Each structure stands twice: as C-alpha cells, then as structure tokens.
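Summarising the annotation, Swiss-Prot assigns domain 'Radical SAM core' to 4-224 and lists sequence analysis as the type of evidence. For Cys18, Cys22, Cys25, the entry in Swiss-Prot reads [4Fe-4S] cluster binding site.
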Amino acid sequence: MSTIEPPMGLLAELTHRCPLQCPYCSNPLELERAGIELKTEEWLRIMDEAAELGVLQMHFSGGEPMVRKDLPELIARAVERQMYTNIITSGVLLDEAMMERLMKAGIDHIQLSFQDVDVENAERIGGLAGAQSKKLKAARLIKEAGLPLTLNYVIHRQNMENLPRMLEAAQAMGATRTEIANVQYYGWGLVNRDALLPSREQLEIATATVEEARERLKGVMVIDYVTPDYYAKRPKACMGGWARRFINISPSGKALPCHAAETLTGLEFPSVREWSLADIWSGAPAFQKYRGTDWMPEPCRSCDRREIDWGGCRCQAFALTGDMDITDPACALSPAHHVMEEAVSARGDVAPDYVYRRIGNAPVPNEVLSPVAE
C-alpha cells in the first residue's frame, strides 16, 4: 500500500454522559460509564500525539463534552499544538462562566444541536424538560463571543414537517452554517428506526425545502444536507473511506476508524492506553482491515465508484446483514439491497414510542444475524 496520509481530524469522545436522551444518538448501545473514562493527563497526551501525527482538526464530542470540567484545559492544549478546535454540544450546560473559560482557552468553533424548533416536540425527542431555552441561550452566548454559529438539526419522521421553521429559526439566530441531517441508522438510531424513518414523500419535501432555502439564502447561510441511505441507490463514503481521513477515540480510549465501528464485534480495536496514535494509524490490524480497495468484493472491486464511496459503510453492512465484508446494502448493486427495501416497506403508518438513549435501556438482542448469501 502507498504511504498512509495522516488523519485530517480526530473526534475526541470525552464522555458518554449526557443530560439528553435522544433516540437517534450515535453512541453505542453499551454506553461507557464515567469510571473508565480517560483521565485529563491521558487526553493531554493524545492532543500531543495527534499534533505530532499531523492531525489538523480536533473535535470534542460526547455524550455532552461540557460534562467534563477539564474541557477548557484540553482545548487549550490542542490550540497550543496549533490544531483547529471544535465542540459538538447540546448547549444545555453552556453558561456565561463556561463560555468565558472556552474563549480563554482559544476555542475556534462550537456546533450547537437542536432537536426541533417546536419546544414541546424538541423536549420530547431529547427527553429533557427545559432544554430548549438553554439551547437558545447557548446560541446567544456563542454569537456574543464572536464565534461563528453552526447549528445542527437532526430530522426524521416526527419533526420533518417543521423543517421550514427550523431554517427560519437558524437565520433568526444568526447562524452562518446549518446542518440538516437525516438520522443515520446506527446504534440507537437503528433501534428506533421505525419511529424515525421518514416516508419517501416526506424526504422529497424536505429535500425540496433545503434546495429552495439554499438558493434563497446564498451568501447568508450555508446549508449542509445529509440524506438517509434507505432511499438511496448508491452508498455514502464511510468517513471518506475507512481509516483514510478520520480517527475517533472513545471515552475509555478505544481508537476507531469511525464513531460506530465498535459495533463490528469481529474486530479488536486498540486502546490509546496501550498504543500510540502513530502506531494505531499505521499498523493496527483493525485500521488496515478495510483501508483502500484491496478488501472489496464484487461489485465494488470493478466499480468505477470504488474510490468515491469506498464500498460504503461497514457498520451498516454488519448491522443489517451480519456480514461486515459485504457491499453496503444502500447500494442498488449490493446483494443485500433488498434489506433496505424491506425496511422501507415494513415502515408502519404510526410511529412507535421511542427507546430513549440511556444506560441500561438498550434492548437485548434476541437473534444473531446470519450473513446474506450472495
């Protein structure tokens, strides 16, 4: 294999603790408890090793990263090592004192999530009463601090009708960028798929709404749009390709090529407590497993898109078929594409209740998926 370029970004999942209980959370079903989280000095070492490896962007996430009192200290170290710093937050713990500490540390950017523009529905989705007013205050604090305001709305069948109002609210808050992200069905999102998966008609209306707003707000607000795979003909690239541009560190120190990768139960992921980042990136077997194109089965191997979508998502392939090697079922050419079609067909007219993201609330698997025959 040719020389491995360093990862552009590192996602530091500082904790799985979070005041919210969103049913589409990308955290694993088995949430890691506070007692096994990396200590401050371990995260500081990771900041140093990331800089030496060539990482340019340091993203702090969770759970809710502001649960960690050492967050400003970690940001300051990343800034000292000349990495761009970004926090991905619910905003419910961001007050004046924390904002002052973050600015003193040198934070570059904060991405603020919203569950809906409708207060009652937003707080039903997030499972936290009073959250919306705290989020609005957080947006104001970010703007007053002089930072660019990026908002994230996760959309699904139970809030999609409010998309026009979400975009209006984003503009009113002074957002320079808004991400409209359809739920990605991994982890808790997969558990809640029937409660979240929109109809094709809902998706088409949402897509048209985004396209109209992009044209109308050109030069005012950038709108990113992430579509669901279930109505796609081609898969999305896995983080720009498995272990090509991105590395994720879990709260306990597992190093992952993407935030959902530990769902791949057949792979053993290294710990930063035992490996250096450089050794993980260049030599860990789990990182080599799906890097590049040599691993690809047909039809990926001979497809002219093989270095565009990189075979799609390994986590989705495994979650839906029990086979992590198979072409992503999102691809119309995948032997497992019917699994996607069947999921859409099975979608009920009435959304079931959410299974909320919290420790001890994950459903117990009642069957083991068998690989889909080619």
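From the backbone N, Cα and C atoms, a Cβ is placed for every residue, glycine too.
The shown structure was predicted, so the numbers you read here are calculated from the model rather than taken from an experiment.
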Worksheet item: So around the [4Fe-4S] cluster site, Cys18, Cys22, Cys25 aside, which residues have their CB within 8 A of the centroid of those CB atoms?
Response: Leu20, Gln21, Tyr24, Asn27, Gly63, Ser90, Gly126, Trp188, Arg357
Worksheet item: Taking DSSP three-state, what's Cys22 ([4Fe-4S] cluster binding site) in: helix, strand or coil?
Response: coil
Worksheet item: In this predicted model, what is the average pLDDT of the domain 'Radical SAM core' (4-224)?
Response: 97
Worksheet, complete the sentence: Cys22 ([4Fe-4S] cluster binding site), Cβ-centred 10 Å count of other Cβ atoms over all protein chains shown, is 23
Worksheet item: By a simple count, how many Cβ atoms lie within 10 Å of the Cβ of Cys25 ([4Fe-4S] cluster binding site), its own Cβ left out?
Response: 24
Worksheet item: Which ones in the same chain are close to Cys18 ([4Fe-4S] cluster binding site), with CB under 8 Å and 6+ residues apart in sequence?
Response: Cys25, Gly62, Gly63, Glu64, Val67, Ser90, Arg357
